[in-house]
Amino acid sequence: MARPALLGELLVLLLWTATVGQVAAATEVQPPVTNLSVSVENLCTIIWTWSPPEGASPNCTLRYFSHFDDQQDKKIAPETHRKEELPLDEKICLQVGSQCSANESEKPSPLVKKCISPPEGDPESAVTELKCIWHNLSYMKCSWLPGRNTSPDTHYTLYYWYSSLEKSRQCENIYREGQHIACSFKLTKVEPSFEHQNVQIMVKDNAGKIRPSCKIVSLTSYVKPDPPHIKHLLLKNGALLVQWKNPQNFRSRCLTYEVEVNNTQTDRHNILEVEEDKCQNSESDRNMEGTSCFQLPGVLADAVYTVRVRVKTNKLCFDDNKLWSDWSEAQSIGKEQNSTFYTTMLLTIPVFVAVAVIILLFYLKRLKIIIFPPIPDPGKIFKEMFGDQNDDTLHWKKYDIYEKQSKEETDSVVLIENLKKAAP
(Lines of atoms letter the chains of each structure in order from A and count residues from 1; the text may use other names and numbers.)
(Lines give C-alpha, C1' and ligand atoms only; values in the text may rest on other atoms or scores of the structure.)
Protein backbone atom coordinates (compact mmCIF):
# COMPACT_ATOMS: atom_id res chain seq x y z
CA MET A 1 0.00 0.00 0.00
CA ALA A 2 2.89 2.36 0.67
CA ARG A 3 4.35 1.94 -2.80
CA PRO A 4 1.27 3.19 -4.78
CA ALA A 5 0.97 6.16 -2.46
CA LEU A 6 4.63 6.95 -2.99
CA LEU A 7 4.24 6.74 -6.76
CA GLY A 8 1.26 9.08 -6.65
CA GLU A 9 3.14 11.62 -4.63
CA LEU A 10 6.09 11.39 -7.01
CA LEU A 11 3.80 11.99 -10.03
CA VAL A 12 2.24 15.03 -8.42
CA LEU A 13 5.71 16.36 -7.61
CA LEU A 14 6.82 15.95 -11.22
CA LEU A 15 3.71 17.71 -12.55
CA TRP A 16 4.20 20.53 -10.09
CA THR A 17 7.85 20.86 -11.06
CA ALA A 18 6.97 20.99 -14.77
CA THR A 19 4.27 23.55 -14.16
CA VAL A 20 6.57 25.72 -12.08
CA GLY A 21 9.22 25.41 -14.79
CA GLN A 22 6.83 26.47 -17.50
CA VAL A 23 5.55 29.38 -15.45
CA ALA A 24 9.10 30.45 -14.74
CA ALA A 25 10.01 30.11 -18.40
CA ALA A 26 6.93 32.04 -19.44
CA THR A 27 7.73 34.89 -17.12
CA GLU A 28 11.34 34.92 -18.24
CA VAL A 29 12.20 37.09 -21.24
CA GLN A 30 13.71 34.96 -23.98
CA PRO A 31 16.71 35.89 -26.13
CA PRO A 32 16.09 37.53 -29.53
CA VAL A 33 15.84 35.56 -32.75
CA THR A 34 18.88 35.23 -35.02
CA ASN A 35 19.64 35.28 -38.74
CA LEU A 36 16.60 37.35 -39.71
CA SER A 37 16.53 37.81 -43.50
CA VAL A 38 14.06 38.90 -46.17
CA SER A 39 13.55 37.90 -49.81
CA VAL A 40 11.02 38.32 -52.63
CA GLU A 41 9.41 35.47 -54.55
CA ASN A 42 7.17 35.47 -57.58
CA LEU A 43 6.22 39.12 -58.13
CA CYS A 44 5.09 40.53 -54.79
CA THR A 45 5.56 37.74 -52.23
CA ILE A 46 7.83 38.84 -49.37
CA ILE A 47 9.30 36.16 -47.11
CA TRP A 48 11.02 36.81 -43.77
CA THR A 49 12.96 33.91 -42.24
CA TRP A 50 14.86 33.60 -38.96
CA SER A 51 16.48 31.09 -36.63
CA PRO A 52 15.44 30.27 -33.03
CA PRO A 53 17.11 32.30 -30.30
CA GLU A 54 20.30 31.01 -28.79
CA GLY A 55 20.13 30.18 -25.10
CA ALA A 56 16.35 29.90 -24.88
CA SER A 57 14.90 28.26 -21.78
CA PRO A 58 14.65 24.44 -22.22
CA ASN A 59 11.17 24.43 -20.69
CA CYS A 60 9.93 27.05 -23.19
CA THR A 61 7.74 26.12 -26.14
CA LEU A 62 8.87 28.87 -28.45
CA ARG A 63 6.41 31.10 -30.26
CA TYR A 64 7.37 33.99 -32.47
CA PHE A 65 5.73 37.38 -32.28
CA SER A 66 5.92 39.59 -35.40
CA HIS A 67 4.37 42.77 -36.70
CA PHE A 68 5.06 45.55 -39.16
CA ASP A 69 6.35 48.98 -38.24
CA ASP A 70 2.85 50.44 -37.99
CA GLN A 71 1.92 47.84 -35.34
CA GLN A 72 -0.50 46.25 -37.82
CA ASP A 73 -0.99 42.57 -38.63
CA LYS A 74 0.33 41.23 -35.35
CA LYS A 75 0.92 37.50 -35.44
CA ILE A 76 2.08 34.83 -32.96
CA ALA A 77 3.02 31.49 -34.52
CA PRO A 78 5.52 28.62 -34.05
CA GLU A 79 6.93 28.89 -37.60
CA THR A 80 10.32 30.50 -38.16
CA HIS A 81 9.16 32.38 -41.23
CA ARG A 82 6.44 34.75 -42.33
CA LYS A 83 5.13 35.11 -45.88
CA GLU A 84 3.03 38.06 -47.07
CA GLU A 85 1.75 39.33 -50.41
CA LEU A 86 2.38 43.07 -50.35
CA PRO A 87 2.76 45.83 -52.94
CA LEU A 88 6.37 46.97 -53.13
CA ASP A 89 5.56 50.67 -53.43
CA GLU A 90 7.35 51.71 -50.25
CA LYS A 91 9.77 50.49 -47.63
CA ILE A 92 8.37 47.57 -45.59
CA CYS A 93 9.84 46.52 -42.23
CA LEU A 94 9.01 43.51 -40.05
CA GLN A 95 9.91 43.14 -36.37
CA VAL A 96 10.23 39.68 -34.85
CA GLY A 97 10.58 38.49 -31.24
CA SER A 98 10.36 35.20 -29.35
CA GLN A 99 8.24 34.18 -26.35
CA CYS A 100 7.04 31.04 -24.62
CA SER A 101 3.28 31.26 -25.20
CA ALA A 102 0.68 32.53 -27.62
CA ASN A 103 -0.49 35.13 -25.13
CA GLU A 104 -0.13 38.65 -26.50
CA SER A 105 0.15 40.04 -22.99
CA GLU A 106 3.43 38.19 -22.48
CA LYS A 107 6.47 40.33 -22.99
CA PRO A 108 8.47 39.05 -25.99
CA SER A 109 12.19 39.09 -26.43
CA PRO A 110 13.89 42.19 -27.81
CA LEU A 111 12.54 42.66 -31.32
CA VAL A 112 14.77 42.24 -34.36
CA LYS A 113 13.93 44.37 -37.40
CA LYS A 114 14.44 43.68 -41.10
CA CYS A 115 13.29 45.90 -43.98
CA ILE A 116 12.94 45.61 -47.71
CA SER A 117 13.31 48.68 -49.90
CA PRO A 118 11.03 49.58 -52.82
CA PRO A 119 12.23 48.89 -56.37
CA GLU A 120 14.79 51.24 -57.85
CA GLY A 121 13.69 54.12 -60.03
CA ASP A 122 11.99 57.49 -59.88
CA PRO A 123 8.71 57.21 -57.93
CA GLU A 124 7.14 59.71 -60.35
CA SER A 125 7.86 57.35 -63.24
CA ALA A 126 5.74 54.51 -61.84
CA VAL A 127 2.32 53.96 -63.39
CA THR A 128 -0.72 55.35 -61.58
CA GLU A 129 -4.33 54.28 -61.11
CA LEU A 130 -3.47 50.63 -61.64
CA LYS A 131 -6.69 48.63 -61.28
CA CYS A 132 -7.82 45.18 -62.37
CA ILE A 133 -11.32 43.76 -62.89
CA TRP A 134 -12.21 40.08 -63.21
CA HIS A 135 -14.77 39.94 -66.01
CA ASN A 136 -17.37 37.19 -65.68
CA LEU A 137 -14.82 34.92 -63.95
CA SER A 138 -13.29 34.38 -67.41
CA TYR A 139 -10.61 37.00 -67.99
CA MET A 140 -8.94 39.82 -66.10
CA LYS A 141 -8.47 43.29 -67.49
CA CYS A 142 -5.95 45.69 -65.94
CA SER A 143 -5.59 49.35 -66.86
CA TRP A 144 -3.30 52.18 -65.76
CA LEU A 145 -2.11 55.69 -66.53
CA PRO A 146 1.53 56.52 -67.36
CA GLY A 147 3.62 58.13 -64.62
CA ARG A 148 4.33 61.84 -64.59
CA ASN A 149 8.01 61.49 -65.45
CA THR A 150 7.55 59.03 -68.27
CA SER A 151 8.36 59.28 -71.94
CA PRO A 152 5.31 59.08 -74.26
CA ASP A 153 6.95 56.27 -76.26
CA THR A 154 7.42 54.01 -73.22
CA HIS A 155 6.62 50.36 -73.95
CA TYR A 156 4.97 48.73 -70.95
CA THR A 157 4.94 45.10 -69.91
CA LEU A 158 2.49 43.47 -67.49
CA TYR A 159 3.27 40.29 -65.58
CA TYR A 160 0.84 38.26 -63.49
CA TRP A 161 1.07 35.32 -61.13
CA TYR A 162 -1.21 33.25 -58.89
CA SER A 163 -0.67 30.11 -56.88
CA SER A 164 -1.72 27.73 -59.65
CA LEU A 165 1.12 28.96 -61.86
CA GLU A 166 4.65 27.68 -61.53
CA LYS A 167 6.08 31.04 -62.61
CA SER A 168 4.85 34.45 -63.60
CA ARG A 169 3.48 35.05 -67.08
CA GLN A 170 3.52 38.03 -69.39
CA CYS A 171 0.34 39.63 -70.68
CA GLU A 172 0.56 39.87 -74.46
CA ASN A 173 -2.60 41.83 -75.27
CA ILE A 174 -1.64 45.43 -74.42
CA TYR A 175 -3.70 48.22 -75.99
CA ARG A 176 -4.78 51.83 -75.41
CA GLU A 177 -8.16 53.11 -74.27
CA GLY A 178 -7.97 56.87 -74.55
CA GLN A 179 -5.41 58.03 -72.00
CA HIS A 180 -5.37 54.64 -70.26
CA ILE A 181 -3.26 51.65 -71.21
CA ALA A 182 -4.83 48.23 -70.70
CA CYS A 183 -4.03 44.55 -70.95
CA SER A 184 -6.31 41.50 -70.74
CA PHE A 185 -5.45 37.89 -70.02
CA LYS A 186 -7.44 34.71 -69.58
CA LEU A 187 -8.25 33.83 -65.98
CA THR A 188 -10.67 31.04 -65.12
CA LYS A 189 -11.39 28.98 -62.04
CA VAL A 190 -8.94 26.09 -61.83
CA GLU A 191 -10.01 24.70 -58.45
CA PRO A 192 -12.95 25.14 -56.04
CA SER A 193 -11.03 27.46 -53.72
CA PHE A 194 -9.53 29.50 -56.56
CA GLU A 195 -11.82 32.48 -55.87
CA HIS A 196 -10.20 32.95 -52.45
CA GLN A 197 -6.72 33.43 -53.88
CA ASN A 198 -4.91 36.56 -54.98
CA VAL A 199 -3.40 37.56 -58.29
CA GLN A 200 -0.12 39.45 -58.25
CA ILE A 201 0.25 42.10 -60.94
CA MET A 202 3.44 43.95 -61.87
CA VAL A 203 3.76 46.66 -64.54
CA LYS A 204 7.12 47.91 -65.77
CA ASP A 205 8.79 48.92 -69.03
CA ASN A 206 11.02 46.97 -71.36
CA ALA A 207 13.98 49.33 -70.96
CA GLY A 208 13.92 49.39 -67.16
CA LYS A 209 13.63 53.19 -67.00
CA ILE A 210 10.53 53.37 -64.80
CA ARG A 211 9.91 52.07 -61.31
CA PRO A 212 7.93 48.80 -61.35
CA SER A 213 4.46 48.89 -59.80
CA CYS A 214 3.01 45.91 -57.96
CA LYS A 215 -0.63 45.28 -57.08
CA ILE A 216 -2.32 42.47 -55.16
CA VAL A 217 -5.77 41.69 -56.59
CA SER A 218 -8.18 39.66 -54.49
CA LEU A 219 -10.31 37.41 -56.67
CA THR A 220 -13.31 37.99 -54.44
CA SER A 221 -13.20 41.71 -55.21
CA TYR A 222 -13.68 43.71 -58.41
CA VAL A 223 -15.75 41.08 -60.19
CA LYS A 224 -17.96 42.26 -63.06
CA PRO A 225 -20.49 39.80 -64.51
CA ASP A 226 -21.62 39.79 -68.11
CA PRO A 227 -25.10 41.21 -68.77
CA PRO A 228 -27.99 38.74 -68.43
CA HIS A 229 -30.21 37.70 -71.34
CA ILE A 230 -33.97 38.27 -71.18
CA LYS A 231 -35.77 35.08 -72.23
CA HIS A 232 -39.47 35.79 -71.68
CA LEU A 233 -41.83 38.74 -71.20
CA LEU A 234 -45.44 37.97 -70.34
CA LEU A 235 -48.48 40.14 -69.53
CA LYS A 236 -51.00 38.25 -67.45
CA ASN A 237 -53.68 39.29 -64.95
CA GLY A 238 -52.51 42.90 -64.93
CA ALA A 239 -48.91 41.96 -64.13
CA LEU A 240 -45.68 41.91 -66.11
CA LEU A 241 -43.56 38.77 -65.76
CA VAL A 242 -39.87 38.97 -66.67
CA GLN A 243 -37.56 35.97 -66.93
CA TRP A 244 -33.87 36.13 -67.78
CA LYS A 245 -30.84 33.89 -68.09
CA ASN A 246 -28.06 34.66 -65.61
CA PRO A 247 -24.48 35.10 -66.84
CA GLN A 248 -22.40 31.96 -66.95
CA ASN A 249 -20.04 30.96 -64.13
CA PHE A 250 -22.27 32.46 -61.41
CA ARG A 251 -24.76 30.87 -59.09
CA SER A 252 -28.06 32.70 -58.73
CA ARG A 253 -27.67 33.16 -54.99
CA CYS A 254 -24.38 35.00 -55.57
CA LEU A 255 -25.99 37.74 -57.67
CA THR A 256 -28.15 40.80 -57.07
CA TYR A 257 -30.45 42.06 -59.80
CA GLU A 258 -31.97 45.32 -61.01
CA VAL A 259 -34.83 45.56 -63.51
CA GLU A 260 -35.52 48.76 -65.45
CA VAL A 261 -39.13 49.06 -66.66
CA ASN A 262 -40.31 51.91 -68.90
CA ASN A 263 -43.66 52.37 -70.62
CA THR A 264 -45.02 54.63 -73.33
CA GLN A 265 -47.61 56.26 -71.07
CA THR A 266 -45.17 57.86 -68.62
CA ASP A 267 -41.71 59.39 -68.82
CA ARG A 268 -40.47 57.84 -65.58
CA HIS A 269 -37.56 55.39 -65.55
CA ASN A 270 -38.39 52.78 -62.94
CA ILE A 271 -35.39 50.80 -61.67
CA LEU A 272 -36.43 48.08 -59.25
CA GLU A 273 -34.14 45.87 -57.17
CA VAL A 274 -35.00 42.19 -57.16
CA GLU A 275 -34.67 40.78 -53.67
CA GLU A 276 -36.49 37.49 -54.14
CA ASP A 277 -38.10 35.33 -56.80
CA LYS A 278 -41.64 36.66 -57.28
CA CYS A 279 -42.65 34.43 -60.20
CA GLN A 280 -44.11 31.61 -58.19
CA ASN A 281 -47.02 31.18 -60.61
CA SER A 282 -45.11 31.80 -63.81
CA GLU A 283 -45.98 29.47 -66.66
CA SER A 284 -42.53 29.79 -68.19
CA ASP A 285 -39.67 27.39 -67.52
CA ARG A 286 -38.59 29.24 -64.40
CA ASN A 287 -37.07 26.12 -62.87
CA MET A 288 -34.40 25.96 -65.55
CA GLU A 289 -30.92 26.12 -64.08
CA GLY A 290 -29.44 29.61 -64.02
CA THR A 291 -32.65 31.54 -64.63
CA SER A 292 -34.33 34.20 -62.49
CA CYS A 293 -37.59 36.08 -62.78
CA PHE A 294 -39.44 39.14 -61.57
CA GLN A 295 -43.09 40.18 -61.39
CA LEU A 296 -44.37 43.76 -61.69
CA PRO A 297 -48.07 44.22 -60.79
CA GLY A 298 -50.41 47.01 -61.89
CA VAL A 299 -49.38 47.39 -65.52
CA LEU A 300 -51.40 49.41 -68.05
CA ALA A 301 -53.26 47.53 -70.78
CA ASP A 302 -52.77 50.17 -73.49
CA ALA A 303 -49.02 50.74 -73.04
CA VAL A 304 -45.85 49.22 -74.44
CA TYR A 305 -43.33 48.18 -71.75
CA THR A 306 -39.59 48.11 -72.36
CA VAL A 307 -37.47 46.03 -69.96
CA ARG A 308 -33.73 45.80 -69.26
CA VAL A 309 -31.89 43.80 -66.56
CA ARG A 310 -28.44 44.06 -65.00
CA VAL A 311 -26.66 42.10 -62.24
CA LYS A 312 -23.81 42.42 -59.76
CA THR A 313 -22.14 40.15 -57.25
CA ASN A 314 -23.29 40.17 -53.63
CA LYS A 315 -21.43 39.74 -50.37
CA LEU A 316 -22.80 36.27 -49.84
CA CYS A 317 -20.11 34.95 -52.20
CA PHE A 318 -17.80 37.92 -52.85
CA ASP A 319 -16.20 40.77 -50.95
CA ASP A 320 -17.23 43.43 -53.45
CA ASN A 321 -20.76 44.35 -54.54
CA LYS A 322 -20.29 47.61 -56.43
CA LEU A 323 -19.57 46.62 -60.03
CA TRP A 324 -22.77 46.33 -62.04
CA SER A 325 -22.81 44.51 -65.34
CA ASP A 326 -23.85 46.32 -68.48
CA TRP A 327 -27.59 46.47 -69.14
CA SER A 328 -29.06 43.58 -71.07
CA GLU A 329 -30.51 44.11 -74.52
CA ALA A 330 -33.87 45.85 -74.16
CA GLN A 331 -37.04 43.93 -75.00
CA SER A 332 -40.61 45.24 -75.30
CA ILE A 333 -44.13 43.88 -74.87
CA GLY A 334 -47.66 45.30 -75.07
CA LYS A 335 -49.94 47.07 -77.53
CA GLU A 336 -50.37 50.78 -77.87
CA GLN A 337 -53.33 52.56 -79.44
CA ASN A 338 -52.80 53.69 -83.04
CA SER A 339 -50.58 56.70 -82.64
CA THR A 340 -50.87 57.66 -86.34
CA PHE A 341 -54.55 58.43 -85.95
CA TYR A 342 -53.92 60.64 -82.94
CA THR A 343 -51.05 62.39 -84.70
CA THR A 344 -53.21 63.09 -87.75
CA MET A 345 -56.00 64.39 -85.58
CA LEU A 346 -53.65 66.65 -83.67
CA LEU A 347 -52.38 68.15 -86.93
CA THR A 348 -55.72 68.55 -88.73
CA ILE A 349 -57.89 69.82 -85.88
CA PRO A 350 -56.06 73.17 -85.54
CA VAL A 351 -56.34 73.70 -89.32
CA PHE A 352 -60.07 73.05 -89.31
CA VAL A 353 -60.56 75.30 -86.32
CA ALA A 354 -58.65 78.15 -87.98
CA VAL A 355 -60.66 77.87 -91.23
CA ALA A 356 -63.91 77.71 -89.30
CA VAL A 357 -63.04 80.82 -87.33
CA ILE A 358 -62.26 82.79 -90.50
CA ILE A 359 -65.52 81.73 -92.17
CA LEU A 360 -67.45 82.51 -89.02
CA LEU A 361 -66.00 86.02 -88.86
CA PHE A 362 -67.15 86.81 -92.42
CA TYR A 363 -70.53 85.25 -91.77
CA LEU A 364 -71.03 87.17 -88.53
CA LYS A 365 -70.31 90.45 -90.29
CA ARG A 366 -73.23 89.88 -92.67
CA LEU A 367 -75.37 88.28 -90.01
CA LYS A 368 -75.00 91.36 -87.85
CA ILE A 369 -76.83 93.46 -90.40
CA ILE A 370 -79.71 91.00 -90.47
CA ILE A 371 -79.92 90.46 -86.74
CA PHE A 372 -79.27 94.06 -85.78
CA PRO A 373 -80.81 96.30 -88.54
CA PRO A 374 -80.16 100.09 -88.30
CA ILE A 375 -82.76 101.99 -86.19
CA PRO A 376 -84.30 105.18 -87.79
CA ASP A 377 -83.21 108.44 -86.17
CA PRO A 378 -85.92 111.24 -86.46
CA GLY A 379 -83.56 113.84 -85.16
CA LYS A 380 -81.36 113.30 -88.14
CA ILE A 381 -84.07 114.80 -90.42
CA PHE A 382 -84.14 118.09 -88.53
CA LYS A 383 -80.42 118.07 -88.34
CA GLU A 384 -80.23 117.87 -92.09
CA MET A 385 -82.80 120.67 -92.48
CA PHE A 386 -81.32 123.17 -90.10
CA GLY A 387 -77.87 122.06 -89.83
CA ASP A 388 -76.81 122.46 -93.47
CA GLN A 389 -76.46 126.24 -93.28
CA ASN A 390 -74.41 126.09 -90.21
CA ASP A 391 -72.39 123.45 -91.83
CA ASP A 392 -71.91 125.64 -94.92
CA THR A 393 -70.98 128.59 -92.75
CA LEU A 394 -68.50 126.53 -90.89
CA HIS A 395 -67.30 125.15 -94.16
CA TRP A 396 -66.62 128.59 -95.63
CA LYS A 397 -65.22 129.95 -92.43
CA LYS A 398 -61.89 128.52 -93.20
CA TYR A 399 -61.64 130.50 -96.39
CA ASP A 400 -60.69 134.23 -96.56
CA ILE A 401 -63.62 136.20 -98.06
CA TYR A 402 -61.42 139.15 -98.90
CA GLU A 403 -59.25 138.91 -101.92
CA LYS A 404 -55.87 140.37 -101.70
CA GLN A 405 -55.34 143.52 -103.81
CA SER A 406 -53.26 142.94 -106.79
CA LYS A 407 -50.65 145.45 -107.93
CA GLU A 408 -52.09 148.54 -109.73
CA GLU A 409 -51.15 148.93 -113.30
CA THR A 410 -51.46 152.31 -115.09
CA ASP A 411 -52.17 152.49 -118.78
CA SER A 412 -52.31 155.54 -121.00
CA VAL A 413 -55.68 156.36 -122.44
CA VAL A 414 -55.86 157.96 -125.84
CA LEU A 415 -59.05 159.58 -126.82
CA ILE A 416 -59.77 159.49 -130.51
CA GLU A 417 -62.54 161.61 -131.71
CA ASN A 418 -64.10 161.11 -135.03
CA LEU A 419 -64.65 164.63 -136.40
CA LYS A 420 -67.36 164.87 -138.84
CA LYS A 421 -67.01 167.36 -141.63
CA ALA A 422 -69.41 170.30 -141.56
CA ALA A 423 -71.79 170.52 -144.32
CA PRO A 424 -70.96 173.09 -146.95
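In case you wondered, yes, glycine gets a Cβ from its N, Cα and C as well.
Computed from a predicted structure; not experimentally measured.
Cβ neighbour count for C93 (disulfide bond): 15 (other Cβ atoms within 10 Å of its Cβ, all protein chains included). The disulfide bond annotation in Swiss-Prot covers C44-C93 (among others), and the record cites sequence analysis as its basis.
If you look up Swiss-Prot, you'll see C132-C142 (among others) marked as disulfide bond. Secondary structure at C132 (disulfide bond), taken from DSSP and collapsed to helix, strand or coil, is strand. Residue environment of C132 (disulfide bond) contains 24 other Cβ atoms, counted within 10 Å of its Cβ in all protein chains.
As annotated by Swiss-Prot, disulfide bond applies to C171-C183 (among others). C171 (disulfide bond) falls within a strand segment according to DSSP.
In the predicted model, the domain 'Fibronectin type-III 1' (32-121) shows an average pLDDT of 89. Swiss-Prot lists 32-121 with the feature domain 'Fibronectin type-III 1', giving sequence analysis as the kind of evidence.
Annotated domain 'Fibronectin type-III 2' per Swiss-Prot: 224-336, in sequence order.
The N-linked glycosylation site annotation in Swiss-Prot covers N35 (among others) and is backed by sequence analysis. Cβ neighbours of N35 (N-linked glycosylation site) (same chain, under 8 Å, six or more residues apart in sequence): T49, W50, S51.
Here Swiss-Prot flags N59 (among others) as N-linked glycosylation site, drawing on sequence analysis. For the recorded site, N59 (N-linked glycosylation site), the DSSP three-state label reads coil. Its Cβ placed at the centre, N59 (N-linked glycosylation site) has 17 other Cβ atoms within 10 Å.
According to Swiss-Prot, the N-linked glycosylation site annotation covers N103 (among others). Cβ contacts within 10 Å of N103 (N-linked glycosylation site), excluding its own Cβ and spanning all protein chains shown: 11.
As annotated by Swiss-Prot, N-linked glycosylation site applies to N136 (among others), with the evidence given as sequence analysis.
Of all the Cβ atoms in the protein chains shown, 19 others lie within 10 Å of the Cβ of N262 (N-linked glycosylation site). If you look up Swiss-Prot, you'll see N262 (among others) marked as N-linked glycosylation site.
What Swiss-Prot lists as N-linked glycosylation site is N338 (among others), and the listing cites sequence analysis.
If you look up Swiss-Prot, you'll see 324-328 marked as motif 'WSXWS motif'. Sequence-distant contacts of the motif 'WSXWS motif' (324-328) (same chain, at least 6 residues past either end, Cβ-Cβ under 8 Å): 224-230, 244, 247, 258, 260, 308-312.
Summarising the annotation, Swiss-Prot assigns motif 'Box 1 motif' to 371-379.
Residues or ranges marked as signal peptide in Swiss-Prot (evidence: sequence analysis): 1-25.
Swiss-Prot lists 26-340 with the feature topological domain 'Extracellular'.
Summarising the annotation, Swiss-Prot assigns topological domain 'Cytoplasmic' to 365-424 and lists sequence analysis as the type of evidence.
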Between the Cα atoms of C142 (disulfide bond) and C44 (disulfide bond), what distance do you get, rounded to the nearest Å?
17
Find the one among the recorded positions N59, C93, C183 whose C-alpha lies closest to that of N136 (N-linked glycosylation site).
C183
Candidates N59, C93, C171, namely the recorded positions, that fall within 10 Å of N103 (N-linked glycosylation site) by Cα distance:
none
Give me the Cα-Cα distance between C171 (disulfide bond) and C132 (disulfide bond), rounded to a whole Å.
13
Compile a sequence-ordered list of residues in the same chain as C44 (disulfide bond), six or more apart from it, whose Cβ lies below 8 A from its Cβ; state 'none' when nothing qualifies.
E85, L86, P87, L88, Q200, M202, C214, K215, I216
Within 10 Å of N59 (N-linked glycosylation site) (Cα-Cα), which of the recorded positions C93, C132, C183, N262?
none
Going by C-alpha distance, which of the recorded positions C93, C183, N262 is nearest to C132 (disulfide bond)?
C183
